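I have placed the structure first, in the form of structure tokens, so that the comments after it can refer back to it.
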């Protein structure tokens, strides 16, 4: 630990300097200059001395360089700092902003549905399909495969958006800093696609949106990374800090996964998307983070395991989805007609054709 330098008043500092036989005459002159810069009373300086900035006392600003403890500089080399790949989570922030803007535009264009139709406080359900939500007959029979990815950008309402964006801005940003943007994007988008595929297979009767499947994929990838690193314990400062951080992350991620899975049993929540995103993230995590292991044997072993899980999982799911065994509700092809028949007094305010037709009529009238 660095020595604690006690502050003295101007006169006591000079007397101590004069008595010191180990100080040169030049150093004595520096101490005089240092003393003149100190506040006039010790008591007025005590409150300032009690403050710390970055682990150093604030009164270091008043000390000349020659009188700063050398041990403080040595301490900086041994500080426990968790090293990450980048300083900012660019795409975690970007996705959150885009998702917020899209929901705002949807609610402005299509209106806000009554609570009994959309408890999430958002637009009418037909708007979700019109804007690219997961719609099983349109994906399987009409070939609109992009609907496996676009639901990531959409949310059912304000409550849905706030919950997902809050997690993205907290843990999603941290994971992007740790992994780097490219890895984060592969896991986020790949898990989102996996969640949509699972939702088409097991919940084909609903139009689904949301980034919760992609967020669950981030959790799954983090758990895979922790499993791969659990046996690697180098006796270095950085490895010890990384182990502590991953231990805390393991508890936080596990609790988050349990909460989300329990929340999946609530009505209007797509449990299949949550499970699919989690499994896709686990498989992608084993494949991606295996390359960071120390020994080549374990790198190759876990790379093959991760690749096999990822390839087999996606291929088996896609094959089953297009096999004709999925019980698709054909009425969802006409989403407006489906909801008009299902709910009394339902109004379709966000049909694309009607919206652009109204825009053209408005322009012609102008």
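Heads up, residue numbers simply count up from 1 along the chain you see.
Each residue, glycine too, has its Cβ placed from N, Cα and C.
Where the annotation comes from TrEMBL, it is an automatic prediction and has not been curated.
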Could you tell me which of the ranges 209-228, 229-248, 329-348 is annotated in TrEMBL as transmembrane segment?
-> 209-228
Which of these ranges is annotated transmembrane segment in TrEMBL: 123-143, 249-269?
-> 249-269
Taking all residues of the domain 'Peptidase S54 rhomboid' (143-289) together, what is their mean pLDDT?
-> 91
Selection from 90-115, 145-169, 249-269, 275-293, 300-322, the stretch that has most Cβ pairs under 8 A to the transmembrane segment (209-228) | 275-293
By a Cβ-Cβ criterion of under 8 Å, what residues six or more beyond either terminus of the transmembrane segment (145-169) are in contact with it?
-> 92-93, 95-96, 98-100, 102-103, 106, 118-123, 128, 131-135, 138-139, 188-189, 192-193, 196-197, 200, 208-215, 256, 268
